[in-house]
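Written below as structure tokens is the structure these notes are about.
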């Protein structure tokens, strides 16, 4: 029988990659037949973490076979998952997002908790199963928490995440603040990215009310540098809006030093951004969202409510 | 702020009622503000358990307010839940069923495990939280396991359920086999039920492929006694099929002594029962399904697959 594949969402981020690697490690140590996979390119931030802790990126997969046993980490919404997911046998989900557009034919093991990062749940699971977290795995789990919490500053970050991060930094043998800032800055180096890469590298699609919305987010040290190529960004986004028949595409550039986001909104539903955040989009279709850094907690929930009105 | 309501599915069974009571007990002992509720009449089997362990049935509710904080036990599919559930704030789900027709706007605590009974998961949660299970709660959790597993004989019953049942019988101070058979027989006393009550008392609605299917199940010591009023049963079922525009209504009479089910299938999709189980419906639209006792594992999954072909 084929091994159970463990993977996170499309356009993988550090939590998705590191949680797949860690959960496969835990499963193997428990004597189960599992292996990690990924659904897209490893980004620079994640590559920095993998290099630092001498880990290999998991295999790239594009689709799964009918009936294949799979475990989802860090996501549950089918449109964010692998091709053919609705024909796979999902045996487990470990996640920290809302539950939506997900269903199974049979009972499964589903564990979602409202914490800042999947890695925080996995760190708990190692303890529950009495399996020691190795230095390498500690480094990967820590990297995931730093990434999802923007170095513990995001409103999604809970006390559990903070405690897990401190504990894991100790095992990994790194200084949390120093390592964290180095990792985030490696990810915020966007100098070699094309406009198309910028708007797709961390894009996720959502159904909100009756609307189809895509939200892409990049971290930057200086948001203006990203918008230096705004005409090209808009060209790519408009193409995506047309191709996918989206109501809204929101491009979010998050300033990792000031913890704000400068967003670009395109599509017929862009007025929803104005009403949801009480801002006015500039003639460049942009607005500064003060203190907004979390797509999940400060954007998806707010826009879902607005589109459901 | 209002207390968090904890409730199971419509047409409550013993697991749904006892799990709501037990989880509210655990929450209160952990210092949280929660209270149990139910969405329908307590059946005879559950009443036997409540009387035996001197517990009160939770309050009956019909709908929840917009934004009310609620915890779902023993179900997640919205069509099996309380009226207005899609406007409530679901903070937790503890369940052992497939996940389907469920979604939230925000991350939540969702714990589903493929075990035979929600009470088995709750028994584990008491341990994880270091809260002692009282004699009364042990009796209720035990009753739930006996009910869902048909005294540990259903194919849904796992080793975890068996171990939990043995452990809880000890705390509750009862003989598992004796108490279990008494409880099941109390539930199988259908002598005072009208045809309408029989076909609605434990009915659940499912979406299967594009089909709307309702499955009602009753336990009996002698299935023929139930079918003595088959014309009346059919009349009531046909009314429900028309009212709800169902593709199939499957009435399942489970023989608790022989562990088989005699089913009655009505609706345009009744042929699916024949193809799924390789049986031929008699001219009375009935068939004996040998060894079939679990709606979840032996009926819902089988028919969902058939309707999805």
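The backbone N, Cα and C atoms fix where each Cβ goes, glycine too.
TrEMBL annotations:
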type	residues	note
BINDING	B:9, B:13, B:74	Mn(2+) 1 binding site
BINDING	B:15, B:74, B:96, B:148	Mn(2+) 2 binding site
DOMAIN	B:180-307	domain 'DHHA2'
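Recorded features from TrEMBL, shown on the structure.
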residue : record                : CB count, 10 Å
B:9     : Mn(2+) 1 binding site : 25
B:13    : Mn(2+) 1 binding site : 24
B:15    : Mn(2+) 2 binding site : 30
B:74    : Mn(2+) 1 binding site : 30
B:96    : Mn(2+) 2 binding site : 27
B:148   : Mn(2+) 2 binding site : 27
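In sequence order, B:8, B:13, B:16, B:19, B:95, B:97, B:116, B:117, B:118, B:119, B:144 are the residues of the same chain, not among B:15, B:74, B:96, B:148, whose CB sits within 8 A of the CB centroid for the Mn(2+) 2 site. In the domain 'DHHA2' (B:180-307), helix, strand and coil residues by DSSP number 57 helix, 35 strand, 36 coil. Other residues of the same chain near the Mn(2+) 1 site, with their Cβ within 8 Å of the Cβ centroid of B:9, B:13, B:74, are B:8, B:11, B:12, B:15, B:16, B:17, B:19, B:73, B:75, B:80, B:118. Rounded to a whole number, the C-alpha distance linking residue B:74 (Mn(2+) 1 binding site) with residue B:96 (Mn(2+) 2 binding site) is 6 angstrom. In sequence order, the binding-site residues from B:9, B:74, B:148 that place a Cβ under 8 angstroms from a chain A Cβ amount to none. Using Cα positions, the member of the binding-site residues B:15, B:96, B:148 nearest to residue B:9 (Mn(2+) 1 binding site) is identified as B:15. The average pLDDT for the domain 'DHHA2' (B:180-307) in the predicted structure is 94.
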